[in-house]
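Visitor: Before I ask anything, here is the structure I am working with.
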Amino acid sequence: MKWLVLLGLVALSECIVILPLKKMKTLRETLREKNLLNNFLEEQAYRLSKNDSKITIHPLRNYLDTAYVGNITIGTPPQEFRVVFDTGSANLWVPCITCTSPACYTHKTFNPQNSSSFREVGSPITIFYGSGIIQGFLGSDTVRIGNLVSPEQSFGLSLEEYGFDSLPFDGILGLAFPAMGIEDTIPIFDNLWSHGAFSEPVFAFYLNTNKPEGSVVMFGGVDHRYYKGELNWIPVSQTSHWQISMNNISMNGTVTACSCGCEALLDTGTSMIYGPTKLVTNIHKLMNARLENSEYVVSCDAVKTLPPVIFNINGIDYPLRPQAYIIKIQNSCRSVFQGGTENSSLNTWILGDIFLRQYFSVFDRKNRRIGLAPAV
């Protein structure tokens, strides 16, 4: 049965829409270059997202490490924006031309008066993130992702933004479940699905490891050229986040974290891997990593001798080699593992782009599951 489903998805590859993504310098890298990273990190907190009417809280959404962005258009005629395709949130928003925050002066803004298809919904919105906040109002307009057209799409227009000044994108396009969205709005993926934009309600990510170009997000099917072997399917453990159950995390044959099972979010909105601080510290001890300016570093000479970190998910091992989880920046070799999720109600981990670069990922809304396979 698994093979029949796989063949069905591959057969749809001729009908899918593939949108290029570009790898940008992250805010973490920018802050590090300006010696401002420590102050920023001290202000961050991580908790699971929740929704309350027109106020949406995503404290776990920290765009400090967002690297991959793509272009969409809004309005008639189209106005183009660079956005994060984010599996960790469900809202679409861009800055409004009347926004007065400094962040809006360095990003593209939407002008409602220049769009003949724009309609103001009027409801005020507030979205809290771990790394900032936006306030504004809801509008409706035609949104295009490549050849996909989402008519009368609800989206947020920010009038105030805090914490988004140096980020390499204008707005965010959320791909999580509707339960994470602003009340009485339909996320763009669901709107496209309901209008028959694709026959299979799936999207997938291929994230290139090193080059700025070559990464893609695809809608409506799967292109098998981007992965090796077969897709292993993992059921989603709850229906708001793209969250799965993980069996354990091990190094050198010894379970180092998640010994009794835990939850993990697959998150295209961050590059890092986050977990409870105590468990992340255990992993760093096995690396002989030391804390330096709020980040863990190892000897660059020792990287090739480090063992893989193995994530066992649904009975399948997903190893992460040291060349993937250690990043060399100038003469320093830094771990991508970060603590801070212990404030969540579950023993939650966040597997960001560092993990997803190694594994092609398919997000299947209809069957509420995620497929993983080694990326080419």
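Each Cβ is built from the backbone N, Cα and C atoms, and glycine gets one as well.
Annotations per Swiss-Prot:
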{"type": "SIGNAL", "residues": "1-15", "note": "signal peptide"}
{"type": "CARBOHYD", "residues": "N51", "note": "N-linked glycosylation site"}
{"type": "DOMAIN", "residues": "68-373", "note": "domain 'Peptidase A1'"}
{"type": "CARBOHYD", "residues": "N71", "note": "N-linked glycosylation site"}
{"type": "ACT_SITE", "residues": "D86", "note": "active site"}
{"type": "DISULFID", "residues": "C99-C104", "note": "disulfide bond"}
{"type": "CARBOHYD", "residues": "N114", "note": "N-linked glycosylation site"}
{"type": "CARBOHYD", "residues": "N248", "note": "N-linked glycosylation site"}
{"type": "CARBOHYD", "residues": "N252", "note": "N-linked glycosylation site"}
{"type": "DISULFID", "residues": "C258-C262", "note": "disulfide bond"}
{"type": "ACT_SITE", "residues": "D267", "note": "active site"}
{"type": "DISULFID", "residues": "C300-C333", "note": "disulfide bond"}
{"type": "CARBOHYD", "residues": "N343", "note": "N-linked glycosylation site"}
Visitor: Between the Cα atoms of C258 (disulfide bond) and N248 (N-linked glycosylation site), find the distance and write it as a whole number of Å.
Guide: 5
Visitor: When the number of other CB atoms within 10 A of each residue's CB is tallied over all shown chains, which of the disulfide-bonded residues C104, C300 has the maximum?
Guide: C104
Visitor: Determine the Cβ neighbour count for D267 (active site): the number of other Cβ atoms within 10 Å of its Cβ.
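Guide: Taking every protein chain into account, the count is 30.
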Visitor: From the recorded positions D86, N114, N252, D267, C333, pick the residue whose C-alpha lies nearest to the C-alpha of C99 (disulfide bond).
Guide: N114
Visitor: If you measure N252 (N-linked glycosylation site) to C104 (disulfide bond) at Cα, how many Å is it?
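Guide: Given the Cα positions, N252 (N-linked glycosylation site) is 48 Å from C104 (disulfide bond).
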Visitor: Using a 10 Å radius around its CB, how many other CB atoms surround N248 (N-linked glycosylation site)?
Guide: 17
Visitor: Applying a 10 Å Cβ distance cut-off over all chains shown, what neighbour count does C258 (disulfide bond) have?
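Guide: For C258 (disulfide bond), the 10 Å Cβ neighbour count is 22.
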Visitor: Out of the recorded positions listed (N71, C104, N248, C300, C333), which are within 10 Å of D267 (active site), Cα to Cα?
Guide: none
Visitor: Counting other Cβ atoms within 10 Å of each Cβ, which of the glycosylation sites N71, N114 scores lowest?
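Guide: So among N71, N114, the glycosylation sites given, the one with the fewest Cβ atoms within 10 Å is N114.
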Visitor: Out of D86, C99, N252, C333, which of the recorded positions is least crowded by other Cβ atoms within 10 Å?
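Guide: Each of the recorded positions D86, C99, N252, C333 was scored by Cβ atoms within 10 Å; lowest is N252.
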Visitor: Restricting to the recorded positions N71, D86, N114, which ones have a CA within 10 Å of the CA of N248 (N-linked glycosylation site)?
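Guide: None, since no candidate lies within 10 Å.
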